[in-house]
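Database features (TrEMBL):
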BINDING   THR47, SER48, TYR49, TYR50, GLN51, ASP91, ASN140, GLN185, TRP300, GLN301, LEU302, LEU310, TRP332  cyanocob(III)alamin binding site
DISULFID  CYS60-CYS102  disulfide bond
Amino acid sequence: TGQLALYLLGLRATCPPHSPPRSLVTWLKYYLEEDWTGSRRNGHPLTSYYQYGLGVLALCVHHKRVREEVIRRLLTAQHHGKFGHGGNTVDTEAVVALAFTCLERRRLVRTGLAAELEAAAHGASRSMAEAQGPNGIIGNIYSTPWALQVFLATGACQTEPAFGQAMAALLENLEAFGTAATMAQVLPVLHGHSYLDIASMHCREEPDTLTPMDMEPPTEVPGNKTVQLVVECPLPWCYELRLYDRLVPVPAAASLLDVLRAAAALDPLGFKFHTQDTSQGPFLTQVLGLEARQEKRNYWQLLSAPDTPLQMGIADYRPRDEEILILRLSEW
């Protein structure tokens, strides 16, 4: 659901000479319905409310009507606080708020429902402002651009103090946005736009002025460092809290992913992990045989001891020398 929605949003943003094949939109509508079949068993979509909201947003940006029942599912989930945990809550609230604002602005719903959607979007905007931390970040650094898009789309950017503080935090942390997916979220905000603006773009031919950039290879950081790697499982069914605790020597420029690989090389039988490739880089799915599964509502939380959540993924975060990193299997 989410991948097809992102593809359709990207396709619209490129100003193609022709409309996308009708089959793509039809498939997205189909996946939205298939996605919801999970709710009958699990109480939530098979994927997530984030992907479900992204699908509704993509259909709206392509000026396609969405059944009221589909919209009501998101409204009900928002009213009952079912959108997840931490930064994930901000991501999902923002995507859904953008979808609601789009449907209301494009007049793709009846008047009564449009008023409900407008109120829900403004409520989400206030909620995100209240979730802002003292450092200006809303949720986490990757969810902050989503929140800023909502402020821009709803007009709250002109009156909400959280907007300027979040934008300042974003500008201080631009190095965190190193993948195509994260760049796609942050670039519109830096130019004062949201994904809603894709729906009203006036496409015109532009001269072919793109030129390749001369990228210098990253400079090697000399020396080594030692990271203490800890694996915890505080869930009731785990036989003990701390499952792994070991010092891992790595090169000075090593990422958290490099630390995990080094730990596996040091103890091939005692330490194993698995990742899943996503549009935002590798995602940690299994450690020591314990698998984080969406249908079980658990995930591997990445922490710098004692309890500071990491703001980057495992391939981007570069631990400090003697830092204690905790992989904690958590529920949401």
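Cβ atoms are placed via backbone N, Cα and C, with glycine included.
Please treat TrEMBL annotations as automatic predictions, because they have not gone through curation.
Feature annotations (TrEMBL) mapped to structure.
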residue: GLN51; record: cyanocob(III)alamin binding site; Cβ contacts under 8 Å, 6 or more apart: THR1, GLY2, ALA5, ASP35, PRO45
residue: CYS60; record: disulfide bond; Cβ contacts under 8 Å, 6 or more apart: VAL66, ALA99, CYS102, LEU103, ARG106, LEU108, ALA199
residue: TRP300; record: cyanocob(III)alamin binding site; Cβ contacts under 8 Å, 6 or more apart: LEU284, THR285, VAL287, ALA292, LEU327, ARG328, LEU329, SER330
residue: LEU302; record: cyanocob(III)alamin binding site; Cβ contacts under 8 Å, 6 or more apart: LEU256, LEU284, PRO309, LEU310, ILE314, TYR317, LEU325, ILE326, LEU327
**All-chain count of other Cβ atoms within 10 Å of TYR49 (cyanocob(III)alamin binding site)** = 24
**Request:** For TRP332 (cyanocob(III)alamin binding site), just count the other CB atoms lying within 10 A of its CB, please.
**Result:** 12
**Prompt:** For the cyanocob(III)alamin binding residues given in the record (THR47, SER48, TYR49, TYR50, GLN51, ASP91, ASN140, GLN185, TRP300, GLN301, LEU302, LEU310, TRP332), what is the largest pairwise C-alpha separation in angstrom?
**Reply:** 24
**Item:** Cβ neighbour count (within 10 Å, all chains shown) around ASN140 (cyanocob(III)alamin binding site)
**Value:** 18
**Prompt:** When you measure from the Cβ of THR47 (cyanocob(III)alamin binding site), how many other Cβ atoms are you left with inside 10 Å?
**Reply:** 19
